[in-house]
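These come from TrEMBL:
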type	residues	note
ACT_SITE	125	active site
ACT_SITE	311	active site
DOMAIN	107-425	domain 'Peptidase A1'
SIGNAL	1-20	signal peptide
């Protein structure tokens with residue numbers, strides 16, 4: 001509910017239920033990795049009467065536009081530098097990052113940084129790669145209410161500056177600066193050393209009380225600092241090259257596992273699909289599949305097959321407007337609100353799923369009802385019409401779909417980044 005302050009605290013899973021890439025994993029004395037419990041923040045997407053809060057939904061859409069525009073700039077920058085040799089990447093004295101604004105991401109967990117450890121609540125993002133927290137230097141009103149990383153030697157024995165300045169650009173055009181550090185980080189039961197961390201020295205007032213602290217999980221090419229994200233650093237230091245992500249509207253069932261995945265959350269064995277390349281790219285950036293298609297009642301609802309980018313900070317599925325219109329043309333009760341949003345008859349919800357091969361023989365369902373599933377909420381003033389979670393918006397990623405947590409909440413997600421494959425299986429009891 002929009003006015004509710006409830007946050008679901010999700011329990012930590014037992015170690016025995018976690019699969020570590022098929023092999024035992026010894027990480028600082030542990031046979032297998034622990035899972036990191038995730039919490040869900042109430043973002044106010046639904047009002048008290050169950051109707052959609054369009055201002056919040058618009059905020060997510062605007063945030064996605066900013067995020068993917070900046071991601072495109074980061075990919076272009078890294079591609080150009082890579083063409084001149086990786087040595088140039090290590091010599092850069094300043095980098096450009098972005099906080100993409102919009103509504104607060106829904107899912108976050110606790111991570112420790114430094115020695116002794118300082119705890120931070122971070123959101124986890126499958127479509128970015130940098131680790132971003134406020135710095136103790138930040139004394140703006142925005143920072144005063146946030147946990148700040150104190151990386152002075154007297155407070156943090158393992159922090160090491162790289163002497164790089166990071167510029168962060170916000171959706172309102174304002175700018176902040178930060179310092180690129182290397183430090184000890186603990187998440188999901190694993191501790192790594194020399195993890196790149198961006199400590200922000202200033203945060204503009206425009207971001208308000210939103211959570212800006214985040215941990216990216218994607219490939220290095222999406223990092224403005226050309227940093228390895230935490231799962232990759234953990235792999236380089238002995239963990240298995242796998243992470244698993246489970247999101248759920250139910251208490252006790254949301255988690256991130258690094259170095260393995262939680263078999264107890266899967267209803268069956270995972271199917272694996274190759275990670276796709278972005279157009280005209282020779283290296284991996286987004287965690288994406290090349291041949292995806294939305295389905296209705298198990299049948300393809302799109303003539304083409306399109307890339308699908310997995311984004312755990314986006315609550316919906318976002319498609320290019322023409323593809324969104326084509327999808328909704330197959331839903332008998334669908335009515336366009338504009339080129340972005342569609343409604344349908346709440347009494348006859350569409351049976352929506354996604355398939356990840358051209359033949360579309362295996363379909364992964366998306367729950368039709370329940371909080372933050374395909375039904376985002378009712379149309380204000382008309383409780384018989386529901387707003388669907390597939391939106392139309394050009395995000396500068398060609399014909400790709402952005403697949404958000406409406407999919408993650410029904411299906412377990414695995415990335416095996418050594419074999420560059422994505423594992424998917426329906427969640428057990430989502």
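A Cβ is built for glycine as well, from the same backbone N, Cα and C atoms used for every other residue.
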Where residue 311 (active site) sits in the secondary structure, as DSSP reduces it to three classes: coil
PLDDT averaged over the residues of the domain 'Peptidase A1' (107-425): 91
C-beta crowding around residue 125 (active site), within 10 angstroms: 24
